[in-house]
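Peer 1: Take this structure, written in structure tokens, and hold onto it; I'll ask about it next.
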Amino acid sequence: MAEAEVAAAPTHNEFEPHQKKPSRNKYALACAMLASMTSILLGYDIGVMSGAAMYIKRDLRISDVKIEILAGIINLYSPIGSYIAGRTSDWIGRRYTIILAAVIFFVGAILMGFSPNYAFLMFGRFVAGIGIGFAFLIAPVYTSEISPTSSRGFLSSLPEVFLNGGILLGYISNYAFSKLSLRMGWRLMLGVGAIPSMFLAVAVLAMPESPRWLVSQGRIGEARKILNKISDSKQEAHQRLADIKDTAGIPQECNDDVVPITKKKQGKGVWKELLLYPTPAVRHIFIASLGIHFFAQATGIDAVVLYSPRIFEKAGIKSDNKKLLATVAVGFVKTIFILVATFFLDRVGRRKLLLSSVSGLIISLLTLAVSLTVVNRSKTTLNWAIGLSIASVLSYVGSFSIGSGPITWVYSSEIFPLRLRAQGVAIGAVVNRVTSGVISMTFLSLTKAITTGGAFFLFAGIAAAAWVFHYTLLPETRGKTLEEIEGSFGNFCRKSKNSANGEGLSRNSTGNGQIQLGTNGQNQPLTSVD
């Protein structure tokens with residue numbers, strides 16, 4: 001299998017995954033869990049809208065096109081929030097940005113719950129979408145920066161765990177409130193989303209600030225104290241602080257609690273370095289981040305999660321009660337598999353788990369497409385096809401949740417250097433949400449144009465392209481510090497016999513199957529970054 005190779009010999013840190021693993025840091029775990037709870041906001045909104053849409057359509061008497069827009073538009077609003085959050089998190093810090101996200105979503109949920117008509121409901125969706133955009137960006141950034149190297153994969157996957165938990169809560173809310181009157185039911189489904197945001201805004205006050213952000217502000221003393229709490233050992237805390245200081249341009253001999261920082265690179269020049277004049281490593285990182293976010297959504301996950309009642313109806317289930325129960329089963333499977341994934345990320349590695357996940361997506365999508373096509377063309381009820389359709393949906397969400405879902409955020413948040421991280425993750429979040437918005441706002445129309453089975457054949461083809469992309473361009477990051485990971489990018493080569501035996505490859509070499517992503521602009525060899 002392909003692996004990332006760099007010119008220099010392996011460092012001590014690269015062999016650390018094979019050593020005895022330290023016990024998990026409970027303080028870091030608590031901090032990561034609190035920050036990751038912001039993902040409940042997005043998850044609940046996605047889950048609850050799948051069932052609420054049925055009753056909104058009946059109550060407000062609107063068309064499928066308006067339902068598509070209502071369900072998917074929040075994904076186009078959220079990039080605005082992600083962009084603002086990228087700037088805000090560098091300005092006021094990660095922690096207060098999380099609080100701001102919770103407050104904004106609280107207002108949006110209240111507005112949606114009291115919506116008298118479609119226009120007011122759309123305004124509530126706009127406000128909630130801004131809050132979700134904040135949460136979507138800041139949760140993975142904070143958790144990756146707070147996590148020790150030994151458990152970064154586990155802790156950085158927590159936002160996806162809570163997102164799936166939020167989806168499940170949304171599905172359960174649909175089923176619970178479906179027994180109420182048509183006018184009251186869907187409004188309570190949406191309005192109840194304000195409750196977790198209230199709790200989150202208060203709970204986050206107990207969290208420390210990100211040590212990387214503190215160092216970027218020159219607050220070395222505070223960062224040192226936090227690193228001592230969230231690291232597995234004093235030695236690791238010292239090394240992490242040294243790495244962060246080096247990335248922030250602070251001399252290692254400078255140990256004052258507060259040091260002056262030149263602010264010129266805070267937001268200024270970052271976009272040029274990321275978009276206009278990237279190094280080969282940054283260019284590779286940027287392409288990898290955009291690709292993994294695009295394919296995570298383009299393979300149709302939000303179409304399945306948002307429109308699962310419609311999909312089950314096409315499979316042959318007619319009762320609202322049974323459709324909602326089947327949807328709850330989808331939520332349970334997603335949540336169970338995401339929990340399983342958290343324990344494999346730091347054992348199996350990102351790359352192997354991701355490729356296995358996408359392979360499962362391809363098989364599940366093809367099976368679902370075939371079964372739905374058979375049901376659509378049959379004039380009689382085919383119980384085996386209905387059962388196969390349901391099983392394929394469950395297999396699909398399970399495959400997504402065990403790899404593609406959590407790894408997208410773990411991987412994209414850990415590969416960017418500190419100086420580019422907030423903006424880089426923000427752009428990834430924009431791609432993720434815009435792609436999700438396009439899929440969710442066109443799925444019903446797409447099924448009318450090429451049938452539901454045809455839509456899933458299309459998603460299967462995209463999943464196949466995703467597998468090739470991941471196999472070719474995504475190196476393993478497991479066990480490396482955030483500062484070392486940049487050295488894995490620039491050129492990505494498949495292991496040859498020489499490299500397998502430990503021989504380093506020049507980053508400027510184009511042999512042995514390397515993909516040349518560029519030079520440093522001066523036609524000089526690029527050395528590894530450790």
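Here the Cβ of each residue, glycine as well, is placed from N, Cα and C on the backbone.
TrEMBL entries are annotated by machine, without manual review.
In case it helps, TrEMBL gives these features for our protein:
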type	residues	note
REGION	1-20	region 'Disordered'
TRANSMEM	27-55	transmembrane segment
DOMAIN	31-478	domain 'Major facilitator superfamily (MFS) profile'
TRANSMEM	96-115	transmembrane segment
TRANSMEM	122-142	transmembrane segment
TRANSMEM	154-176	transmembrane segment
TRANSMEM	188-207	transmembrane segment
TRANSMEM	285-312	transmembrane segment
TRANSMEM	324-345	transmembrane segment
TRANSMEM	357-375	transmembrane segment
TRANSMEM	382-402	transmembrane segment
TRANSMEM	456-474	transmembrane segment
REGION	499-530	region 'Disordered'
Peer 1: Considering only Cβ pairs under 8 Å, which range in 154-176, 188-207, 324-345, 382-402 makes the most contacts with the transmembrane segment (27-55)?
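Peer 2: Between the candidates 154-176, 188-207, 324-345, 382-402, the best contact partner of the transmembrane segment (27-55) is 154-176.
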Peer 1: Which residues, given as numbers and ranges, are at least 6 beyond the ends of the transmembrane segment (382-402) yet have a Cβ under 8 Å from it?
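Peer 2: Tertiary neighbours of the transmembrane segment (382-402) are 160, 164, 299, 301, 304-305, 308, 311-312, 315-317, 326, 329-330, 333-338, 340-341, 344, 353, 356-361, 363-365, 367-368, 371-372, 374-375.
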Peer 1: Does the transmembrane segment (122-142) come close to the transmembrane segment (324-345), meaning at least 3 CB pairs under 8 Å for residues 6 or more apart?
Peer 2: no
Peer 1: Would the transmembrane segment (188-207) count as touching the transmembrane segment (96-115), i.e. at least 3 C-beta pairs under 8 angstroms with sequence separation of 6+?
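Peer 2: They do touch: at least three Cβ pairs between the two stretches lie under 8 Å.
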Peer 1: Same chain, outside the transmembrane segment (285-312) by at least 6, Cβ under 8 Å from its Cβ: which residues?
Peer 2: 46-47, 49-51, 53-54, 71-72, 75, 167, 274-275, 278, 320, 322-324, 326-327, 330, 334, 358, 361, 365, 372, 389-390, 393, 396-397, 400, 404-405, 407-408, 411-412, 415-417, 424-425, 427-429, 431-432, 435-436, 439-440, 443-444, 447, 452, 455-456, 459, 462-463, 465-466, 469-470, 473-474, 486, 489, 517
Peer 1: Report, as numbers and ranges, which residues of the same chain sit near the transmembrane segment (357-375): CB under 8 Å and 6 or more residues beyond its ends.
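Peer 2: Beyond its ends, the transmembrane segment (357-375) has Cβ neighbours at 295, 299-300, 311, 314-316, 382, 385-386, 388-389, 391-393, 395-396, 398-400, 402-404, 407, 451-457, 459-460, 463-464, 466-467, 470.
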